[in-house]
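Trainee: Here it is, the structure, as structure tokens.
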Amino acid sequence: MFQDSKRDSVYFNIDHIVHSTGEQQHLLQRRKLLRSWRQLTRLQKNLMCFVMVVGVLMLAFWILVRGLFSDITRNELTFIDPNSGPLPNNAPSPEKLIDQLVVEEPSVNKRIDTIVNVKDQYEEPQKEEEEEDNKLDSYADAAAKDGLKENGKQKSLHLKEPETVEKPKTVAKGPVVFAPADNPRQKSVIKAFLHAWHGYKKFAWGHDHLKPISGGKDNWFGLGLSIVDSLDTMYIMNLKDEFQEARDWVDKHLDLNNLNDVNLFEVTIRVLGGLLTAYHFSDDPIFLDKSMELGDHLLPCFSKSPSGIPYSDVNLASRIPHSPRWSPDSSTSEVTTVQLEFRDLSRSTKLPIFEKYAANTSKIVHGLKKMDGLVPIFINPVTGKFLANSEIKLGARGDSYYEYLLKQWIQTGKTIDYLRDDYLEAIDGVSKHLVRYTGIHKWLFIGELKSGSREFFPKMDHLVCYLPGTLALGVHHGLPQHHLDLANGLLQTCYQMYALQPTFLSPEIAYFNTDATGKPDLYVLPNDAHNLLRPEFLESLFYMYQITGNTTYQDWAWNIFQAFEKYTKVANGYSSIGNVLDPQNTKPRDKMESFFLSETLKYLYLILSSDRRLLDIDKYVINSEGHPLPIYDS
């Protein structure tokens, strides 16, 4: 016992001695370091402090970025709607699909159409490709089981397999030649474009939008939207120097690997559409190279969706898709307004995967239950279902779904019947549920059905003014003639939205009275009195002028152009305004959207041409951002 205690005591003392010796050594080391520090000059001390601070900041930034990606992955990719039930186990395998997009690099003098077909480059066996197609088909089959029923019986869906592209047939062979401006009105539009372009070039070059009053710049996605969106406008106007300058920027500076979140719909219609049209017009392979690269970055919105309905947003660098920050749902119009571009990308590159995913989304939506062809404005990418009882309207978040039903049918040589049938059913639904007439002048307008109650509301966005042109385009391609009556009636009302305002510029939203009580047929609320330089009415005038040859539509367009010149032109470009109701107080907003260059001025230029087929709608189908794409045989 004593020995045990003694042994313990000896052990303790040795430990203490060792510990004390260690402390002394540590103290000596500290004194040496302190002495060395004092011997340093002030400059050396400052440099060492600076290096330490930079190192700490870099470490903190790395931890923050890593946490951000972790949060995005955790919150977005594993999000499950509590009402949606378990996730389907048939989701596509995205990494494999993206890896399959590597193609040969074309030389300078080598046309892009020599790119090897993606089928020859699949690393997986043919069986894997067939399994992927089966997964895509299963989405549409699931939708069909829940969807359209009439009198208790399942409605025939006429579903077809996703298109496979063996030998794409392109109508337009570049470079395309457009005749120069042939009258003073057209030349005035060119002058307006150059005024806007020079302001953008001076103050916002390489950025998304110009702030024309302050001489500033605005970035949305960081993709030079105003440059890419304007390419085909400059080409059509024969602005060769400006087009070449923009082309060189795309080649050298359009970077798709920035850590930016972008919206699938907006980037598809503006950037992908703009690049593809520039390729078809100019035959320059750089535009197709960039188109293919962009499609590769956007594809995860489809391939990582558990339902086949794409996510609305994606990070370009990480390629992580996600829902918008404010909602788990996507806008119905957005997920159904990318098909023209993705199909054309597949046909141009001979890579079928883009078309398969985008066309399959249309098949899924086709199979969902609707209200006489009308769709709610929200849809969930996890469940693949519409948001129950959300609004039904042809304005924001609903508009271009109907437009792309018709235009996809035209793009594919009128060979996909369910697209035409869904469009026809929808127009009948519009006539049945949304069309009303004002009390005094009997102006035709298209209202909305409120969320929940589906009560009719006499409100119409300026965005709805695209519909007369779409209806006329359908009639031009053989659809019912009575659609033209609806087009003409709505066109008159849209013109009144301009003509009734003191500035001769339309508000963003108008309201209507349906009873003859002495109140005005059309009125505008102050919060809705802004004008964003939108193109939708001019788009309809373009179609009506080309189809009918009626020069009245040219005069209407010229009146609107003069109003833009008078009330929106500023020193460095054109500015959206906040108030169309008071010419003395228009409240300029200091922003010029890219669609002013891409669509508004382009449609004005085409309408005012003496050759109403300067851009032939029998050869091209025009996307929702005004970019013409070739019509195929099937």
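Note that Cβ sites are derived from N, Cα and C of the backbone, with glycine treated the same way.
All TrEMBL annotations are machine predictions without curation.
Below are the features I grabbed from TrEMBL:
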| type | residues | note |
| --- | --- | --- |
| TRANSMEM | 47-69 | transmembrane segment |
| ACT_SITE | GLU266 | active site, proton donor |
| ACT_SITE | ASP399 | active site |
| DISULFID | CYS465-CYS494 | disulfide bond |
| ACT_SITE | GLU508 | active site, proton donor |
| ACT_SITE | GLU536 | active site |
| BINDING | SER624 | Ca(2+) binding site |
Trainee: Any idea which of the disulfide-bonded residues CYS465, CYS494 has the thinnest Cβ neighbourhood at 10 Å?
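Mentor: Each of the disulfide-bonded residues CYS465, CYS494 was scored; lowest Cβ tally within 10 Å is CYS494.
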Trainee: Looking at the recorded positions GLU266, ASP399, CYS465, GLU508, which ones sit with their CA no more than 10 Å from the CA of GLU536 (active site)?
Mentor: CYS465
Trainee: Run through GLU266, ASP399, GLU508, SER624 for me and report the recorded positions whose CA is within 10 Å of the CA of CYS494 (disulfide bond), in sequence order.
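Mentor: Of GLU266, ASP399, GLU508, SER624, within range: none.
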Trainee: By CA-CA distance, flag whichever of GLU266, GLU508, SER624 among the recorded positions is nearest to ASP399 (active site).
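Mentor: Out of the listed candidates, the nearest Cα belongs to SER624.
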Trainee: Rounded to the nearest angstrom, how far is the Cα of the residue listed as 'Ca(2+) binding site' from the Cα of GLU266 (active site, proton donor)?
Mentor: 10
Trainee: Are there any residues in the same chain, six or more apart in sequence, whose C-beta is under 8 angstroms from the C-beta of GLU508 (active site, proton donor), and if so which?
Mentor: ASP461, HIS462, ASP528, ALA529, HIS530, ASN531, LEU532, ARG534
Trainee: Would you mind checking how many other C-beta atoms are within 10 angstroms of the C-beta on GLU266 (active site, proton donor)?
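Mentor: Other Cβ atoms found within 10 Å: 19.
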Trainee: I need the CA-to-CA distance for CYS465 (disulfide bond) versus the residue listed as 'Ca(2+) binding site', whole Å please.
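Mentor: Distance between the two Cα atoms comes out at 13 Å.
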Trainee: Please list, in sequence order, the residues in the chain of the residue listed as 'Ca(2+) binding site' that are at least six apart in sequence and whose C-beta is under 8 Å away from its C-beta.
Mentor: ILE269, THR337, SER400, GLU403, TYR404
